[in-house]
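Colleague: Reproduced below are the annotations present in TrEMBL:
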| type | residues | note |
| --- | --- | --- |
| TRANSMEM | 12-32 | transmembrane segment |
| DOMAIN | 13-355 | domain 'Acyltransferase 3' |
| TRANSMEM | 44-65 | transmembrane segment |
| TRANSMEM | 85-102 | transmembrane segment |
| TRANSMEM | 137-158 | transmembrane segment |
| TRANSMEM | 165-183 | transmembrane segment |
| TRANSMEM | 219-236 | transmembrane segment |
| TRANSMEM | 248-266 | transmembrane segment |
| TRANSMEM | 272-291 | transmembrane segment |
| TRANSMEM | 303-321 | transmembrane segment |
| TRANSMEM | 341-360 | transmembrane segment |
Amino acid sequence: MIKIFTNNTNRLHGLDHLRAIAIILVMIFHYGRGIPDWLEPIKRIGWTGVDLFFVLSGYLIGFQLLKEFKGNSKINLKRFYMKRLFRIVPAYLAVLILYYSLGSLREGSGLPPLWKFLTFTQNYGLDSQTQKSFSHAWSLCVEEQFYLLMPISIILFFQTRLQKLAPYFMLALIGVGILLRIYNWNEFVQPFIESGSRRLMVQGLLEKVYYPSHNRMDGLILGVLIASIFNFKPGWQTFLSKYGNSSLLLGLILFLLAYQVCESILSFKAMVYGLPLISLAYGFIVIGAISPTSILYKLKSRFTFVIATLSYAIYLSHKQVYHFVKIWVTDIDNGFIQQNVFWICLILAVIGGLILHLFIEKPFMKLRDQLLIGSEKKQEARGKLILNYIKNIWR
């Protein structure tokens, strides 16, 4: 296992813990009925694991891009998009091929059109009733659209010298998201509550309120705001870093408050006010995780490191694994297996993620690094040739 997973000495262990927590929350939530009773309270908030991923992605990508611009006054778009492409697309396409080629691995009867998956627009117009298979890819669509726009937005703000307005613009986007959720709730959810059609109410909530990217920017934007503070506000960074455990505590308190607000995921309070509150809670927890004074920052765990490394692969494939195991155990007359289907599913989901990581993710990331190094060497050689040419002219 140690040879399979190489731990970088500069790795932020606190973020590994949060990635592991996020994917475990999602795995518990997506399992459905039949989990142990003591996990029911966790399952109730398992859907927030995606929001934690959003805050983490916003911080990590935001920090990377802002640091690059701060140091070079530019962003290498080709390098950024190439890194994202090789990190995300190969494993995604591998799972997508399985969904379209092996109907027995689908957790639902229907799939959205292939072009929606290939363009990462599946989260718009997604019919949760008839297109359940690979429906969890909606969050990947949100992130991909964010990755596409984020570096361009940074360049535009700095080139137009409006970077000081960027935080206000981002907060305004969160406010617009809240207003859009209110509008869409009143238009596409409330009428079906009043008519007593639960099926259409759930469909309207998911399709018009929960899935669309313009309604789900809260976590990503808060992550970018944290990255901005840690890049451009050294005084704030020093202050926050001193109180890492306090940030964790504040985040947990806010999360407990959000737990009460989001008593039902299908409620107006949860969709309109709960989402930004959850993102804010996770934002403070992320600040704690990256602060050297916090317990999360100092704590090292091989388990969370491995789960964090596999989190993307597990997220992609875990529903297929669940579906396969649940079908497989129906024909097995074994009391122990029947009583432990949940744990078998979790273990096999991790193994499935490991297989996807080893045979798809890792080789393509290695290829990516080789291509990037080769490209940088070519640029360096080209620069030397030009420099030598100029020197020869002036001799």
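Using N, Cα and C of the backbone, Cβ positions are placed for all residues, glycine too.
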Colleague: Are the transmembrane segment (85-102) and the transmembrane segment (165-183) close, by which I mean at least 3 Cβ pairs under 8 Å that are 6+ residues apart in sequence?
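Modeller: Answer no, regions not in contact.
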Colleague: Between the transmembrane segment (44-65) and the transmembrane segment (165-183), are there three or more CB pairs that fall under 8 A, provided the residues in each pair are separated by 6 or more in sequence?
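Modeller: Answer no: the transmembrane segment (165-183) and the transmembrane segment (44-65) share fewer than 3 Cβ pairs below 8 Å.
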Colleague: With CB pairs under 8 Å as the measure, which of the listed stretches 12-32, 137-158, 219-236, 272-291, 341-360 comes out on top against the transmembrane segment (44-65)?
Modeller: 219-236
Colleague: The transmembrane segment (219-236) and the transmembrane segment (303-321): do they have three or more Cβ pairs under 8 Å, with pairs 6 or more apart in sequence?
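Modeller: Counting Cβ pairs under 8 Å (6 or more apart in sequence), the transmembrane segment (303-321) does not reach the transmembrane segment (219-236), since there are fewer than 3.
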Colleague: Cβ pairs under 8 Å with the transmembrane segment (272-291): which stretch of 12-32, 137-158, 341-360 has the most?
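Modeller: Of the candidates 12-32, 137-158, 341-360, 12-32 scores highest.
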Colleague: The transmembrane segment (341-360): which same-chain residues, six or more beyond its ends, come within Cβ distance under 8 Å?
Modeller: 4, 27, 31, 34-36, 90-91, 94-95, 307, 309-311, 313-314, 316-318, 320-322, 325-326, 329
Colleague: Mind looking up the mean pLDDT for the domain 'Acyltransferase 3' (13-355) in the predicted model?
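Modeller: Residues in the domain 'Acyltransferase 3' (13-355) carry a mean pLDDT of 95 in this prediction.
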